[in-house]
Amino acid sequence: MDIKSALSRIVGQLDLTTEEMRDVMRQIMTGQCTEAQIGAFLMGMRMKSESIDEIVGAVSVMRELADKVELKSLDGVVDIVGTGGDGANIFNVSTASSFVLAAAGCTVAKHGNRAVSGKSGSADLLEAAGIYLNLTPTQVARCIDSLGIGFMFAQSHHSAMKHAAGPRRDLGLRTLFNMLGPLTNPAGVKHQVVGVFAQTLCRPLAEVLQRLGSKHVLVVHSKDGLDEFSLAAPTFVAELKNGEITEYWVEPEDLGMKSQSLHGLAVENPQASLELIRDALGRRKTENGQKAAEMIVLNAGAALYAADHAMTLAQGVELAHDVLHTGLAWEKLQELGAFTAVFKVENEA
């Protein structure tokens, strides 16, 4: 199906099949569509609301066209990632949590990008921390194999996205592509915590990942609007495990945590996020640093559970708490910086 035919269907509020969506996405991602057509398609999809079949089709094409990171094994390899767009401008919780996971012995293939609507994307934070981002897929794999953690800079692995960049920027609205990033990890991880910007997306995206072969995934949105587990409110979870999806609410107290305000956790730029994370993972001398540490523990604990490194969410949180207080997570971040610095010299020689 070509994009003009797809537009006619969408205007009539009719869904595309998975294969039809694959056809259209392939045209978009290979430069066969005009920017006007892409903008109209994205806007039409948003107004109609994307079906599970359509999201599956779009994700499968993005995965096919990605510059993949080949790992020796995907057993237990985990990613913790969010769609962004929650408007809270909280520090980079998922990225900080990734280093707790690695320090706990998990293998982490972290996928992320620069900020679009927020103040600090995962790539912005890591760059501020002195971590070199422009790695080849082979170099990322070496990071993961050697350190237990590597970062896949989305724009380096999804170069075909450039064809949709202009229309997305001009629209200035959340579109289908905001959902695709967390679902298109270039290493092909089967274990994830995926934060989303609306509770209504939790079940559908869990179903998408179920159809695409994921093993253990938590798709989450908190009642106070975050695309991650919150200390200040219950969090809704759609969990895919053993081929089945269950939905439930989690209170911080259910996991041995104390409910508290998120005041003091918003940041204005990547450097501020880094300073808060340094405090949380290291010194914890400030009230906000302690609160940030607890936010990291909550989310890292969920990812330890998704990675099957813990038997329950509560056990994952307990393990994350123990690991964070060793200081090993901050050391792991510094190790990644030193390791990638060698690749920077190689690539710029």
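The backbone N, Cα and C atoms fix where each Cβ goes, and this holds for glycine too.
Cβ neighbour count for Gly82 (anthranilate 1 binding site): 27 (other Cβ atoms within 10 Å of its Cβ, all protein chains included). The anthranilate 1 binding site feature in Swiss-Prot is assigned to Gly82, Asn113; the stated evidence is sequence analysis.
Following the DSSP three-state reduction, the secondary structure of Thr95 (5-phospho-alpha-D-ribose 1-diphosphate binding site) is helix. With a 10 A radius on its CB, Thr95 (5-phospho-alpha-D-ribose 1-diphosphate binding site) counts 27 other CB atoms from all the protein chains. Taken from Swiss-Prot, the feature 5-phospho-alpha-D-ribose 1-diphosphate binding site applies to Gly82, 85-86, 92-95, 110-118, Ser122.
What Swiss-Prot lists as Mg(2+) 1 binding site is Ser94, Glu228. Sequence-distant neighbours of Ser94 (Mg(2+) 1 binding site) (same chain, 6+ residues apart, CB-CB distance under 8 A): Ile80, Val81, Gly82, Gly112, Ser122, Val193, Gly195, Glu228, Asn299.
Annotation comment: Swiss-Prot describes Arg168 as anthranilate 2 binding site. In the three-state DSSP assignment, the secondary structure recorded for Arg168 (anthranilate 2 binding site) is helix.
Under DSSP, Glu228 (Mg(2+) 1 binding site) is assigned to coil, being neither helix nor strand in the three-state scheme. All chains included, 25 other C-beta atoms sit within 10 angstroms of the C-beta of Glu228 (Mg(2+) 1 binding site). The feature Mg(2+) 2 binding site is assigned by Swiss-Prot to Asp227, Glu228.
For the binding-site residues given as Asn92, Asn113, the lowest number of other CB atoms within 10 Å of the residue's CB is seen at Asn113. Among the binding-site residues Gly112, Arg168, Asp227, the residue whose Cβ has the fewest other Cβ atoms within 10 Å is Arg168.
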